[in-house]
């Protein structure tokens with residue numbers, strides 16, 4: 001296989017903007033679930049802090065009441081109408097802590113929006129037999145993405161377990177002492193432990209989310225990398241039919257030519273070959289300035305320049321050598337080079353003499 005063929009089959013080129021947008025329309029976006037999880041934990045923390053002691057004490061009081069009357073509630077819950085009584089108890093607890101769940105929900109939504117992961121793609125909803133393929137499932141589980149997911153979950157589980165062990169070890173005296181405490185004290189201790197655990201888990205989730213987001217974005221771009229042939233095909237598709245490209249180029253050239261020809265009437269002189277070259281020069285006569293080229297062309301364009309110059313009363317000076325030199329060395333809008341000053345000055349003098357003679361023939365009229 002030739003080197004060129006090898007390069008064209010290797011996905012070593014970064015995805016283009018169009019490829020990324022096409023993937024997004026299919027619902028294939030770089031979305032980290034860990035970012036959403038971290039946002040939920042942070043929302044819980046902010047909600048607990050913003051809600052103040054009222055939310056905590058309300059939930060604690062409800063839980064304390066539940067624990068304090070546990071022996072009495074047994075008969076009520078297990079007796080007739082016990083389902084309604086149990087629903088009322090848990091309804092009271094949920095009503096006290098319900099505001100805590102608003103910010104986590106908003107945090108999850110903000111995480112999705114921030115990752116630009118809110119995409120409605122019909123292709124994702126269509127049933128595909130490939131999703132039931134055992135081989136595809138094995139590739140997903142034991143490929144780079146699957147191994148990364150396994151490592152991530154293992155790290156999370158180990159870190160959270162270690163966090164729980166450290167927290168319980170530090171609070172073991174309080175936990176043992178709570179056995180002889182009041183129900184309100186037990187509830188307060190439980191809430192305190194949950195809050196500390198939540199802080200640790202939230203910080204851990206933020207760290208994992210940062211690493212996971214970097215990996216997800218890297219892996220997303222890796223999967224969308226392109227071969228050289230794919231780049232060429234996309235370029236052809238984006239630029240369109242070669243005939244249309246040629247037509248657009250001709251149109252652009254025609255527009256540029258028309259703009260150039262529109263400046264011929266304001267030229268001071270047109271230097272010609274006399275048939276193959278024509279260069280129109282304009283001089284502002286400002287101190288330190290030199291004549292500028294306002295239009296130039298060969299053959300058909302040169303003929304159009306001469307025609308417009310004749311219709312506009314712009315003098316035409318025949319100097320084949322100067323015309324060729326100007327056409328070769330001076331672009332539109334540029335001043336003539338110093339080595340052509342003498343020849344251009346002669347052309348300007350010729351034009352002024354022509355205009356002076358024309359005024360004399362017209363009786364001094366311009």
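All residue numbers here begin at 1 and follow the chain in the order shown.
Even glycines carry a Cβ here, placed using N, Cα and C.
Your range for transmembrane segment, going by TrEMBL and the list 35-55, 56-76, is 35-55.
From the options 2-29, 86-113, the stretch TrEMBL describes as transmembrane segment is 86-113.
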